[in-house]
């Protein structure tokens, strides 16, 4: 049985032999992040991987991320050690999108501007593009939202209700959730949100903020905008994973901070701050199971198979889906 160090050595050699680019999301296991040529959030990795001069992209993340790279750079080979799926992305597909549009019309909404969070599959992104909409990430969501407001239409934000509600609150707008609020409330809302959510960021509660502020009156709270509105509105800072990292790394060593995002990222930030004055904003383990499925063995096996011409877990998209999804993604990049 090979040791972790043996696997790491073999992975580095295979990446070199295959002339491959290895990218990993911040929420991946530490040993995967350690080997990656680049780490980042969804937007950063999509840009880096699609613009790389490497023809083989090895993506350690969840499936929609690999799809985004494939859509942006259709000619590249994109493989994933695990075809893990984001739970939020699984909450909507092209059928549910069509059904949601039908429900909007039943509520009297004749025109709308769709924004899909990047945590959605390529088919949903393609549908949004066909309806004139765009993709956003947590990093550029405010810019994309401001662009959408200029279209003078009701905004349909999917699939994350929390991010949609937080953007509405940020702009002083009225929001409603499709399937939760009444048809009248849907019709009168400025922003209609699909009823999806992140299972990890739902774990952070206002009570957690109150607990830490009572214990440490000078503590700062930094959270991801996928958290509930009550959490985001009471935090000192809200931003994407990259923005949270930037925020925390600028703090003085003596400044206490509680962070509301996935535990692997928080633990890395703790380590950088010598495990002092850094806390995770939850009494439960804020762990993303699908983001952490990929192991060193998985990475080694997928690379070895590719070298032996037995490739598997390749990300494949239909031509039309890739075309329309790329339009939505490139539009996002142009606007951000």
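Using N, Cα and C of the backbone, Cβ positions are placed for all residues, glycine too.
Among the candidates 193, 198, the residue that Swiss-Prot annotates alongside 86, 288 as binding [4Fe-4S] cluster is 198.
Swiss-Prot lists 25, 117, 118, 119, 138, 224, 225, 226, 241 as binding iminosuccinate, and of 42, 94, 199, 263 the one it places in that same site is 42. Residue 119 (iminosuccinate binding site) and residue 86 ([4Fe-4S] cluster binding site) have their C-alpha atoms 7 Å apart, to the nearest angstrom. Taking CA atoms as the reference points, residue 117 (iminosuccinate binding site) and residue 198 ([4Fe-4S] cluster binding site) are 12 Å apart. Annotation note: residue 226 (iminosuccinate binding site) sits in a coil segment as assigned by DSSP. It is 16 Å from the Cα atom of residue 198 ([4Fe-4S] cluster binding site) to that of residue 25 (iminosuccinate binding site).
Listed in chain order, the extra residues whose Cβ falls within 8 Å of the Cβ center of the [4Fe-4S] cluster site residues 86, 198, 288 are 27, 62, 87, 88, 119, 199, 200, 201, 262, 290, 291. Rounded to the nearest whole angstrom, the C-alpha distance between residue 25 (iminosuccinate binding site) and residue 86 ([4Fe-4S] cluster binding site) is 12.
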